[in-house]
Amino acid sequence: MMMNKLSAIGLAALLASSTVAVAQDDTSKKLYLGVGNTSAEYWTQMIWGATQVMESVGGTVEVIGNDFDPQKSLQNIGAITAPGCEGCIFTWFPDSPAFTKTFVEKIADAGGFITTLWNRAEEIHPWDTAAEAWVANISFDGVDAGYQNGMALCNAMGGTGEIVVLQGVLDNAPAKQRTMGLEKAIAECPGMTVLEMQVGSWQQAPAQDITRTWLTKYGDRIKGIVGQNDAMALGAVAALREAGLAGKVFVTGTDGSSDVVKLIETGEMLSTMSGLNEYQGAIAAALAYGARTGDIKLSDLTEAQRDFFVQQILITKENATEFLARKPDPKDYTYEAIKADFWAKSAGQIPNGVN
Amino acid sequence: MDATLRFLRRNGAVLVLLVILAAVSTAAPGILRWRAINSLLQDNAPMLILIVGATLPILLGCLDLSIAAMASLAAVSAALLSPVLGSASVPVVVGGAAALGGLQGWLIGRLQVPSFVISLGALGIFKGVAMYLTGANMVGITPGIWIYDLLGSRSFGMSNSFLLVLIVAGLFAAMLKFTNLGRNIYAFGANEIAVYISGVRRDMVRSFAFATSAGCAALGGIMMISQTMFASATVAGSLLLPALVGVVVGGTAISGGVGGVLSSLIGGLIAILIRVGVTISGLPPESQDVAFGITILIAVALTTDRAKIGVVK
Amino acid sequence: MSKLLQSQGPLLALLGLVLLFSVITDSFASWGNLGAVLEAAAIPAVVAIGLTFVLMQASIDLSVEGVASLANIILAITIANSVTATDIGLWAVPLVLGVGLAIGATSGAISIYVRMPSLIVTLGMWLTTVGLAALLYPGRLPQILDTRITGLAIGKVWGLSWIVYLTLALIIMALLVEKHTRFGRMCRAIGENEPVLVMSGIKVIRHKIAAFALAGGCYAAAGILMGARIGVGNTQSGVGLLFPSIAACVLGGTLLSGGHGGVRQSMIGVLILVTLRNGLIMVGVDPLLQSALEGAVIILAVAGSTWHLRRKIRVIK
Amino acid sequence: MTAFSLEGISKRFGEVTALDNVSLSLNEGEVLGLIGQNGSGKSTIMKVMAGLHRPDSGVVKVGGRAVQLRSPAEAALAGIGLVHQEQSLIQALSVAENLFLDKPAGSTWAGVYRWNSLRDRAKAQLDKVELDIDPFTPVSALSFGQRQMVELAKVLSLEELVHGHLVILFDEPTAVLNPPEIQALFGQIRRIKHRSSVVFVSHRMDEILDISDRVYVMSDGRNVATRDRDAVNPDELYELMVGRQRVNRKDRKPREAHIGAEPALTLNHVTVPGEIEDISLKLAPGEILGLIGVQGSGAETILRTVFGMADDWQGKIEYFGAPLDIDTPAQAVAKGIGYLPAERKTEGMIRNTSVSENVAITYGWQHGRGAGLISRAKERGMIEGWVRKLAIKTPSIAHRIDNLSGGNQQKVVLSKWLFGKTLKVLMLDHPTRGLDPGARSDLFAVIRELADQGLAILLVGDTLDEVLTLSDSIIVMKDGRVSARIEGVQAAPPSEEDLVKAMV
């Protein structure tokens, strides 16, 4: 029991010491950035972009990792807003579109501003839901990614051939968008037919197991493999290597991760779609900050300015080397630089029916 | 002195809750505002009701791994049924969930397959059915159905969802204390065979426990969509581990027979506060999980009454 | 026949699945697909070996995914890689295994000395190791450049990668440990009746900590093999290993209540699960329904293979 | 020559003094019979000798030297071994491994078993107890009698391990043995006397008198008498132990049974494959029907079949004239049938739970407020009544049952059946196993009273004496069949020899 008491004191001390460290800094200059995790290329690039913007105005970024768990996201937002958070600014990745409404409404209740990334339910938009707090929703065009990769595959196969598709987690919007885009490509390229689709859950190892099984099931009928993200595409390439087919079967991914771009350089992969990841982080941070400082008047914004895609580029053998060599210049990511034209790199309003 | 010690041991969970509350509110005094507390309770009401429900199978020494999948399935079903049935969709879904849970409990006895396996299988089945029902799409709730509006709003200044959690937990606590069924549940957890030979209907007790855990899970799913207004096949999928953590932090023994619904509720509150503390601590995101994990371990060490547990497994 | 059913229920379930898929698909029964099944089974098998020793003692270990991910990251940043300058060569392997052993031993020691159920200790350890993996992540995805590691997945002998052979070697070692060492024999005995062993002066605490350490070592080995397979250090690499591994052990007859089963049984369980996944793809089942079918098969397989054990006075938890 | 001695040993558990300044000395080659009621401290004294408990004060001496026995392993090194009352073998392990489980030299090299060496050493031990089985047989495949012999062999392997004199402790070894097995055990004890001293605990006076050289009597944690066998007066020992005369058949008036005309329970050609065959019997209200047979004769199976616990059975069971169509104990209880299992710890008591919950588990609802609500206040009074009536020694009814002595636990388990209002048939499976004579006679009186109140009682007895004392009629079982039926036992008791002949 003595030990119990001691550890109770220890527990209190641990929590108190860690929590006392909280500096009550100026809420207008601190961005709460909710991300999936901090250990993947996309996220680090996005965080970098947001951090550049906030540091350019003398502010800070507090990164919150939610491990793609909406419940954890909800608890974290709750923890930040509960003690009071008038005028706080947020850029948040809602782990599931089902929760986007709850998140923005919570932040609206607390009197904060939020920009969301990637996920919203089809029926809700920044201008009709918590419109005074939800500044914008910023995503990449998954349909376009699916379509462009699909067309690249079609062209590489010479217009005919059977392909297999590694899907992401089924109820994630990007998975569905990329499938829609692929279907659009198939409609334009009727010679390309899908043998089978399976769920690789965005992960490399399951994708590798599935591809290996496909290779024994269909043998050399498979001419192309669509990986709906780069990790699954890497799994497919690994399985192809085992079968000595790497470079002979065309593989596409999406994300533009450097590993995949290197494979595109060497010819083991065909293409991947890369968003302007740093820019997405930067614009999201800048819009939230702008709304907070009054640089942006939300009521003046058009729908296309509050719910839009950021540009992306298809990487193939032609531009792979150039893509790898590029290095984002912090000067392009200051608040002032972005503010000059917030929507310079918008790829247009998000259409209906893709979420 | 002895009395103090006994008091400390019996109320370990409450004390830990107070200690953590004190620590967190020192760092962020705003957390003590009614509005803040209310908002935390409302957000976490779905998790808390899952914790309440999950306690009963654990009191038997069983484990129900299907609760989070059931919550998602219930959310999806309620959303799909609400245009047709309106508010009646809630009792229909909760009743259906309880029936499925009861079936699980009954199958454990009939097939003599451990609950871990049955509920793991059920997890897969519920997830698959939810996926199939929605075609992996989101389903929105038709606005204006009073029961969802009710769950999403407040009375007496308190979240209705959390009030419902309190009512359900209170009912179960009373059931455990004052009814024959409650007595049988504790005894079942302590020695299943002796209870069987005492003439207790084993299958019935087990079915009841699993029906309540599934019914509570369904309520949790419904509370969740009353906040989100959207359901998907994985909407509550991540609630399983937090729910189990809550039960254990409250001092309910995994081996069965020891603990209770109110302890679990307190355990859930402890887990929520630890999460709040870790998030507002300003620790880098990478260390937050480590801090959470270690603090939870310490909390469990403090709340478990080891005197009642035999061999620790 | 009934004797056979009693002792070999899971094996028969496996054969039944193989037969079923062979009849209803053309491509299932082929050498190529056998290879595919074995490759897919290798890493879960390594995890299941470790879990088996813990489960036999009637404890449980949920830290699988965290430890495997952490091991994978440590391997990737200490061996020749594309991000950090550190390169300790193959010393990374014993280092990683040592970390796994130490984490396992820590879980075991906490569970025993602080008298907390292993379920909750290893749950905490799971969260903690996931966090540690994220802490150690060097900012960019480290590609493993040491070909002695990546070659394990790429190099083939008789159509199978070295990963499969290493796994086989581990299985044989585990079987020898289980059958012929005092530690191995004591694992099941601890699960059956720990107090008697304590009274007999058996160093039960040592055996229990050893089982957790061994398990941690196995998860670390799985993390290394995963590194070989995916060629990078990824904080998510262990995700999805836990529940299938536990399900596999239980499917094979290693009961959660302890005192039963063993490495051989768990390996059969792994094969049942992997064969099922493979077969469902071969049949081309709608991905939406796959998890439902898997769930149903898990229940039916365990029910079928333990049907003969049904007794009114059996304790089922 | 004193081989072993305890001097002024005291041991307390919380508030309870288990041993109060106890001294004991054991001569070389001597068998000391240790008797006492349950809770008199004899189990504790055995555990102190075996290194399972450490005394609070006092000295333990082996061969005249003071020693500290910190664990069973240290006790073993000092040549002291305990043959456990309860089965202490690990079923998952082979006989050979079990034999050397608690020995430091376990035929291992760097943790790896050397199977050949282990087999030879195990074989040698099994030969000592004349057990002809493969040393690598798993214990789960052995019969109870065989297991007890393995337990003995396990302790006897100290002979090779320790060079000096041995002290072998037997804690109620005969509880689960049948008469031939008991004789075999006594043969072993006599054989090992040449280099061992033996302490032998039993509840059965005849056994104590048969095997002991001296008798050591305990009561309330003290040694109240030590007698040489030749000077023993059993009645005096009983008086010392329990403070009352033995309940003796000769002294007892035959019970005046009021047996009902219509049978409460009728079994017609009941068969449980592999266990019992073609059993028919009738039991009337007010009657006590005794079943007796050696271990495995199937007497217990009859009770469990009636109680709905058999997995598979054929035949017909009638209950007050109507077919008894049940599949679970719950259904049996609903009809008014009760069953007291022999395995108290695993099947009888609900561990980690209070006395009152153990009593109220079955019929508590009958004293409740209806609608499934229970009334603890109302229960309390009734439970306290039963605690007094059965003389259950417990500080309070909220006390945990685990902390009571075996006899008191058994009384608690029995009272759960007496707690209800609807019981018509009570089946007792070895109800007095492990009970001291005082508790036994208490229980006998209760059983008789219950029958007088019209309860039909089916009893599987622990001893011949018990069955003869209580029963109105007796059925003797042998190999799953009825081998003899005796009616009118109270009027014309059969001889014990006749019964034994029918049993074996």
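First residue shown is number 1, and so on along the chain.
Glycine residues also receive a Cβ, built from the backbone N, Cα and C atoms like all the rest.
What TrEMBL records for C:35-55 (among others) is transmembrane segment. Sequence-distant neighbours of the transmembrane segment (C:35-55) (same chain, 6+ residues past either end, Cβ-Cβ under 8 Å): 61, 64, 68, 104, 118, 159-161, 163-164, 166-167, 170-171, 174, 178, 184, 187, 191, 211-212, 214-219, 221-222, 225-226, 229, 241, 244-246, 248-249, 254-256, 258, 261-263, 265-267, 269-271, 273-275, 277-278.
Positions annotated as transmembrane segment by TrEMBL: C:67-85 (among others). Sequence-distant contacts of the transmembrane segment (C:67-85), counting only residues of its own chain at least 6 positions beyond either end whose CB sits under 8 Å from a CB of the stretch, comprise 47, 91-93, 95-96, 99-100, 103-104, 125, 129-130, 132-133, 136-146, 149, 216, 219-224, 226-227, 232-239, 241.
Under the heading transmembrane segment, TrEMBL lists C:91-112 (among others). Packing against the transmembrane segment (C:91-112) from elsewhere in the chain are residues 50, 59, 61, 63, 67, 70-71, 74-75, 78-79, 118, 121-122, 125, 129, 146, 205, 208-221, 223-224: each is 6 or more residues past its ends and has a CB under 8 Å from a CB in it.
Annotation source TrEMBL lists transmembrane segment at C:119-137 (among others).
The transmembrane segment annotation in TrEMBL covers C:157-177 (among others). Listed as Cβ neighbours of the transmembrane segment (C:157-177) (distance under 8 Å, sequence separation of 6 or more from its ends, same chain) are residues 31-32, 35, 38-39, 41-43, 45-46, 49, 52-53, 151, 183-184, 218, 221, 225, 228-229, 263-264, 267.
For C:209-232 (among others), the entry in TrEMBL reads transmembrane segment.
As annotated by TrEMBL, transmembrane segment applies to C:238-256 (among others). Counting same-chain residues at least six beyond the ends of the transmembrane segment (C:238-256), those with a Cβ under 8 angstroms from any Cβ of the stretch are 9-10, 13, 43-44, 47-48, 51-52, 55-56, 58, 60, 62, 64-70, 72, 219, 222-223, 226, 262, 264-270, 272-273, 298, 301-302, 305-306, 317.
TrEMBL lists C:268-285 (among others) with the feature transmembrane segment.
Remote same-chain residues near the transmembrane segment (C:291-309) are listed as 2, 5-6, 9-10, 12-13, 17, 247, 250-251, 253, 272-273, 276-277, 280, 285 (criterion: CB distance under 8 Å, separation of at least six residues from the stretch ends). Annotation comment: TrEMBL describes C:291-309 (among others) as transmembrane segment.
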